[in-house]
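Listed in Swiss-Prot:
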- 35: N6-acetyllysine (MOD_RES)
- 185, 205, 209, 224, 247, 269, 275, 303, 304, 305, 361: NADP(+) binding site (BINDING)
- 299: phosphoserine (MOD_RES)
């Protein structure tokens, strides 16, 4: 027999497994939804991405969850993805958005062995800039509740944790320089370095951000708008720094290379200063780089999260443990100080991306999708 939900809702075939596809704890699943779609390749997010309002809500397969997104994360690399830089074989139109957190509203039979409707889950997978996203149960992460703080760990937190763990060789007393330290991933690099008993220097762009860095344990915040970073490092750290966590690129990268101590390690997790350019790159003094590294027995180490998925789950467990103990601050920026106010709804993803590239955010930029949920915030 065919069971019909409320007007405008999806029809559900009432078979022995039908209960696995019912949203019995919330409103009926609609037929259509809104989502963001890349319709042309460009690093200009406004030119590349279109908000579509009448997309079919996808059905979960046997091993899948249908997640109603409540919060989605903004990443500097969103415009790299919209420009087609990560997968040249991917042609428009395609979905966008790397991470989300919300509630399970439907699921396949196999997925129901581990998950239930109404459960809070987070995930890192393409297509989060949508009201609903199908997520393989195998990559979903159960969460205590639908809080934006948990979202900050998915990309930003794990990038800092795994890069420092695998490449940083942190130990007590080492000096660590974190660029863009008050941003989404920088905040984690600062705190994880302090947990490792390192001395941490962090660059930022305002006195307010410097105060935030102090509050999370940064030993020497540097507001580069009022203090030349190069001068501070030369005067206060004449022997150099042991580790650099670098995400800015360009002139900041060159400065970081010069600041390395003997046997220092520079970890490149990004170069946001170049992402908006046609090439996606920021010019550096590459010609002299081999000589500078050689003279110090220093090393340059790249980090791309996708290459460390085998250790992703353990990293998330560690971050969740630190947060639960109160040893980790997960700062969320929902746009309260943005020109157009708080980021609410998929249409505000465009404003949130713009805001990120003004450099004014403190912590992880997050957009709220206002759905009724049963989880307590």
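Backbone N, Cα and C atoms are what each Cβ position is placed from, and that goes for glycine too.
Mapped onto this structure are the features recorded in Swiss-Prot.
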residue : record               : contacts (Cβ under 8 Å, 6+ apart)
35      : N6-acetyllysine      : 51, 52, 55, 95, 127, 129, 130, 131, 346
185     : NADP(+) binding site : 155, 156, 157, 159, 160, 247, 269
209     : NADP(+) binding site : 181, 182, 221, 223, 362
275     : NADP(+) binding site : 43, 76, 77, 79, 80
299     : phosphoserine        : 264, 265, 266, 293
304     : NADP(+) binding site : none
361     : NADP(+) binding site : 183, 184, 333, 355
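In the three-state DSSP scheme, residue 299 (phosphoserine) is classed as strand. Take 185, 205, 209, 224, 247, 269, 275, 303, 304, 305, 361, the residues named in the record as contacts for NADP(+): the widest Cα to Cα gap among them comes to 28 Å.
For residue 247 (NADP(+) binding site), other Cβ atoms within 10 Å of its Cβ number 25.
DSSP assigns residue 35 (N6-acetyllysine) to a strand. Secondary structure at residue 209 (NADP(+) binding site), as computed by DSSP, is helix.
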